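As given in Swiss-Prot:
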type     : residues                               : note
ACT_SITE : 327                                    : active site, proton acceptor
BINDING  : 301, 302, 303, 304, 305, 306, 307, 308 : ATP binding site
BINDING  : 344, 365, 461                          : substrate binding site
COMPBIAS : 8-18                                   : compositional bias 'Low complexity'
COMPBIAS : 78-88                                  : compositional bias 'Basic and acidic residues'
COMPBIAS : 114-126                                : compositional bias 'Basic residues'
COMPBIAS : 199-218                                : compositional bias 'Basic and acidic residues'
REGION   : 1-233                                  : region 'Disordered'
REGION   : 253-276                                : region 'Disordered'
């Protein structure tokens, strides 16, 4: 014990400043005396043993002098060490002791290294860090946030509101002295001058390009990415963005709207109604309704037979007693697609029997049907409710319609079916949409195919340049087949014809059951062969027992029986529009089954003006 203590004391008396406890040995250092001739020096291999000794020494009872000692790592340069002067060379490095850099002795302060670069505090603290039960290293103070100019800024509490953060920072910014900083873009690397990297806001306007061409010398900045973005370029980009949005939403621009206003029959035509005016007509005229009896006359027939010309003529000579509804050509050609062009392009000889062709024909016929069924529904709002059909007089008024839903749902699909452009299922889907009302009068204008072709060429309507006389002949036969179907339903009930089409009952059996004369039986057989019934029977033959098929046939026959037909040979009245009207007027008064309906005349007239505009 004495030798170990003497040896330790002798090695430490050379520098009493380094070993402050040389005069008095503290209690609890039994391990130091047991080492023998250690000389107080340590090596890298003994570092872990010294740490264990330091931890164990805390178990003893230190003296008052030990309590006053503080084992902290210095955070700066020692006060007694001179600072090296600039310009006089580098300070010579002191020789490194062999025991330096391993473990600090009690009371020894580590000497910082001098040089161009000083070790960071975190590395020094990690290297010389001692257990927590020896001493507590104080935490470094939190760095105060600063702004872009180096001024301290108060910490802003975390909040989800952007306005709250701005309100907390604003008082500090007001206390700062105003600093004027010229706004300019930082110079970018040369590769950013490539057009790929140039922002579209940096594109120069026309004036800037002219200035660049004039200023060729000097230190003019010609790079676009060095220029400050201008207001004009941003507004141009916003306009381009709005144009893209309009294109996405299919909104017409001002130029297209001007073209639409000049287009006849468009919703934006001069004198046309606004959407609010159109909707108000559906709600009523707002005045007391004035009911009048009127004929519901639908003009039907092939194209070019004079339907539109007759409506225009009657509206001019007798406008007070006539309300007309023109053909919805604008909806067919301008709304989303041109169904007239589609039907003519699909019905080509090389497209026979293709399902894709049938899909196109179905799509076109559905668009033909849509405005007619909508008009039919709209007009029924002005018919006096729960009012039976009225007996006609010579002074009754007239409602003239350009085509009935019959053509779009039955006649033209029947023609496409016969020619091989429409599938069976698509024909039944269109026929199931046919509807009619009691009191509907269909004036069928017939004309020979040669005369009809001349009329089509004369009017020169868009999309009808490829119409042939064979097509007009087939179309006339389709209308005649529909007329024969309706005429046969005048002799036999719809239930009887469903039995013939869907059941194993012949037409002869039905005539015998109804006790019909031989002349009527012959007439019924002739009408049956010319009607749509034979074709319909071939279509539904594989599925005659299906409930949906039976319901389609029954509804079709019942709806078709509601209308009344008037047939006019228009070939006899070519160029004689009053003659065509005289024939229609005379047959309407002579046919007992034709009756009139009571309608709100003033409200329906207002609606017709809106519809035709």
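Please read every residue number as a count from 1 along the shown chain.
Every residue, even glycine, has its Cβ placed from backbone N, Cα and C.
Features as recorded by Swiss-Prot, highlighted on the structure.
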{"residue": "301", "record": "ATP binding site", "contacts (Cβ under 8 Å, 6+ apart)": "307, 444, 445, 446, 447, 479, 570"}
{"residue": "302", "record": "ATP binding site", "contacts (Cβ under 8 Å, 6+ apart)": "445, 447, 452, 472, 475, 476, 479"}
{"residue": "303", "record": "ATP binding site", "contacts (Cβ under 8 Å, 6+ apart)": "452, 456, 461, 464, 467, 472, 475"}
{"residue": "305", "record": "ATP binding site", "contacts (Cβ under 8 Å, 6+ apart)": "445, 446, 447, 452, 455, 570"}
{"residue": "306", "record": "ATP binding site", "contacts (Cβ under 8 Å, 6+ apart)": "445, 455, 570, 573, 577, 580"}
{"residue": "308", "record": "ATP binding site", "contacts (Cβ under 8 Å, 6+ apart)": "326, 327, 402"}
{"residue": "344", "record": "substrate binding site", "contacts (Cβ under 8 Å, 6+ apart)": "463, 464, 466"}
{"residue": "365", "record": "substrate binding site", "contacts (Cβ under 8 Å, 6+ apart)": "343, 408, 409, 412, 413, 416, 430"}
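For residue 304 (ATP binding site), the same-chain residues lying six or more positions away in sequence with a CB closer than 8 A to its CB are 447, 452, 453, 455, 456, 458, 459, 472. Sequence-ordered, the extra residues of this chain that approach the ATP site, with Cβ no more than 8 Å from the Cβ center of 301, 302, 303, 304, 305, 306, 307, 308, are 299, 445, 447, 452, 455, 570.
Considering only the binding-site residues 307, 461, the Cβ with the fewest other Cβ atoms within 10 Å is that of 461.
The local packing around residue 327 (active site, proton acceptor), expressed as other Cβ atoms within 10 Å of its Cβ over all shown chains, amounts to 17.
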